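Engineer: Okay, here's the structure, questions in a sec.
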Amino acid sequence: MCAIFSFCPSSLGGAPYKNLPFRQKLTSLGLKSALILASTLVCLILALQWGGSVYPWSDSRVWGCFLGFGLLLALFGYMQYHQKDEYVIAASTPTNAGLNLIRSQCLVPLRVLSQRSVLLGCIFSCLLQGAMMTQTYYLPFYFQAVRGTDAQTSGFSILPYGVTISIATLISGTLVTLSGFYVPFMWVGSGIFVAGSGLLYTLSRSSPFAKWFGYQVFTGTGYGVMVVLAAADIPLGSTLVILAQCLGGSIGLAIAENVFRNALHTHLLALQGVDVPAVEAAGGAELQNVVPVELLGPVRDAFRVAVSDAFLVAVGLGGVAFLAFVGMERKRIIAKGG
């Protein structure tokens, strides 16, 4: 919701918007469009979370959410397309006599989104953020539910991922600023990220330190190389990129959670003597309290398969992001004053 309302025009505080009545200012914020967009996303995320895990995909509550998503999305697109022709009237200013017609602000500025680099940059950021959020969320599951570590040890174990992202982001941001070229970094970074995501998919209960540590560093490097590119390339559409990242994280994580739940439930049902609801409610940290000792190993294997399937979602999202850079404009960023 914060990302959606960040589209509120930043120029409302200056002329001629400062002369608008409060009611017309609210109208120009595009609150109706924001409400429609928020409702659209709620329908989509609920459908992805419920389908196959809480309710069957054929359940009316699931396909009803998908139907609501499609209808609301069509309504949102219709509103954005036609809002470009709406105007509000501002009172005269000391420098402009008479009334001023001011274009009403679209929530999603189609003029900006129609630019090739903006659109592809938003897609790239959306997919990338979805993949990163999936890995960030399920790496602790790997260490706690699969390897049996406590929460504190798990937190230390995922540090290579976050620290590497930070370092790689600083280095790649500096190189992009100095060289002015960003597309090569998109290509290299996305390729590394996809390869690293595939390596994370192969982790098992017995994977040695060198593998799970090195795979996180490899994947984090790929993400860090890519993460600064969209904002560097799209100054006019930076807010769109922020929204795309928020949407990508939410939707990508919802998809991964659905895949994880379905895989875990299926493999737990195949184990005799396991209280499936209790295991699913316990999560990764409390397995030893709800699972008999003799079944703890097979249950951890079930979690391993489910976590690997969730990582596979990140591989897919990263792979599509890898293709998004193909259409990006091969231009150089010229720094101000440089």
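Along the chain as shown, residues are numbered 1 onward.
Using N, Cα and C of the backbone, Cβ positions are placed for all residues, glycine too.
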Engineer: Pick from 95-115, 158-178: which range has transmembrane segment per TrEMBL?
Structural biologist: 158-178
Engineer: Considering only the recorded stretches 29-48, 158-178, 239-256, 302-326, state which has the highest number of Cβ pairs under 8 Å to the transmembrane segment (60-79).
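Structural biologist: So the stretch in question is 29-48.
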